[in-house]
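Structure record follows, encoded as structure tokens.
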């Protein structure tokens, strides 16, 4: 009997996964492809019941070894249909995942924040397998985090008691957990690179500025988004919160206690009544706000107080085509073109969109018609060729570019120039390459390019738009270059691409950038300078900023002083 028990103990010991001590207790992970993986480690108490719509609270210590061997809940999205696609969706979701090499000591850390418009997405959708094979194998540790989304993450009354930004506070708590515990996993707490894409990138931008987090990282990677945009500063979030509370029969102000008692089913029913998108250029119903706490000022002002640290900023050459021509992201943005709508896009179509979705609520007041004509002239009339074989393709492309500039290109360029003016070392790239399989046959050739989310195929092996064969060229070397770029930056603070002398941006008025094309890479200049100049001049002239309405007051006062 004694021999049998000893045998059982020895067998169990042989099958036990890697165990690491944290500040709250031990966690047991799994091994995969030469890496050690720890899944769904809690970094905060479940934000349920009395903790709903509150800042995250540190978890209670645990005595037994915590089984960090499988994913648990994704955070509740903003819309019931999205939640139904996830087998594991719920409020108890504040966990993070760590993927590390087996042998690790003082390794750099990539702290990944997923995108999804602050309303959908999860850490689990990225998996751990590719991170283990392509990142941990090259001597970096990856931490992927979850944060509250949609109404659970960003409900706000615009008061100190119900300020919103719960999702950003979750990210801050996760970052603090990693910084305090990563040394036990073989990581260097002084070499944490915060990294995100889309809303995850806007989050990274916000973390670099917030007094809660700006001293907790060493480098930042911001891909295809910026906090310098209205959809990341929530001009309508308080009004959206008020509408939701009223539909649910909760008092306003003072809705928090009533809202805490509402079930997810009741809230989803109310969202169905309210609608899950704004239908305007502000795009998101739920997003961060300028709360005077996490975000004490508008990002364009707050960045002046942020520390100077190496920053890598990237984008695609046709960001808006993801939402327009490809008709994707419909659960968060309402700008898509169906195959039936595509042939109808012309100057009149674009003009109607400008009036209804950009200049709604009489934006620009008595100058609204002039601004309307200025935008139409810049995006359609000035560039319209005298003779063109595919006029519809021209209009579809211009429609996509209008969305690209307002929601991505111009705010990203503004952030780049603001950081460079502060002497921050900023490396910039633009992704022009795309695999032809991501584009459907009905989409005009002129409107095609590298859309938003294109890098997901290469950085994470995630087939967002189509399955791409990464064994063929040029996709194989582009994938290698992008991953090497991220890893070298995390290790040294300088992104490195073989055979390319890539320097930080030196002139904010003529941004130099790495262009990643199908036929190679090269250093070029003048990144989206014309639309940047157009929107900056319009803001200065009118005292209102369509790119980020929360930033208008500052420029209105500047206008008055001139």
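Note that Cβ sites are derived from N, Cα and C of the backbone, with glycine treated the same way.
Taken from Swiss-Prot, the feature signal peptide applies to 1-16, supported by experimental evidence.
Sequence annotations record features per position, and here Swiss-Prot assigns N-linked glycosylation site to 73. Cβ neighbour count for residue 73 (N-linked glycosylation site): 20 (other Cβ atoms within 10 Å of its Cβ, all protein chains included). Secondary structure at residue 73 (N-linked glycosylation site), taken from DSSP and collapsed to helix, strand or coil, is coil.
On its own chain, residue 75 (disulfide bond) has 89, 90, 91, 93, 94, 122, 146, 147, 148, 149, 152, 153 as residues at least 6 apart in sequence with a Cβ closer than 8 Å to its own Cβ. As annotated by Swiss-Prot, disulfide bond applies to 75-93 (among others), with the evidence given as similarity to another entry.
According to DSSP, residue 198 (active site, acyl-ester intermediate) is assigned to coil rather than to any helix or strand. Residues within less than 8 Å, Cβ to Cβ, of residue 198 (active site, acyl-ester intermediate) and separated from it by at least 6 positions along the same chain comprise 115, 116, 117, 223, 224, 225, 452, 453. Per Swiss-Prot, the feature active site, acyl-ester intermediate maps to 198; the stated evidence is sequence analysis.
For residue 258 (disulfide bond), the same-chain residues that are 6 or more apart in sequence and have a Cβ closer than 8 Å to its Cβ are 245, 248, 249, 250, 251. According to its DSSP assignment, residue 258 (disulfide bond) is helical. For 250-258 (among others), the entry in Swiss-Prot reads disulfide bond.
Taking the Cβ of residue 319 (active site, charge relay system) as reference, residues of its chain lying under 8 Å away and at least six apart in sequence are, in sequence order, 224, 403, 404, 407, 408, 409, 451, 452. Secondary structure at residue 319 (active site, charge relay system), taken from DSSP and collapsed to helix, strand or coil, is helix. According to Swiss-Prot, the feature active site, charge relay system maps to 319 (among others).
Look at Swiss-Prot and you will find 452 (among others) tagged as active site, charge relay system, backed by similarity to another entry.
Per Swiss-Prot, motif 'Prevents secretion from ER' is recorded for 559-562.
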Surrounding CB atoms that lie within 10 Å of the CB of residue 452 (active site, charge relay system), all protein chains: 28
Fewest other C-beta atoms within 10 angstroms, as judged across 93, 250, which are the disulfide-bonded residues: 250
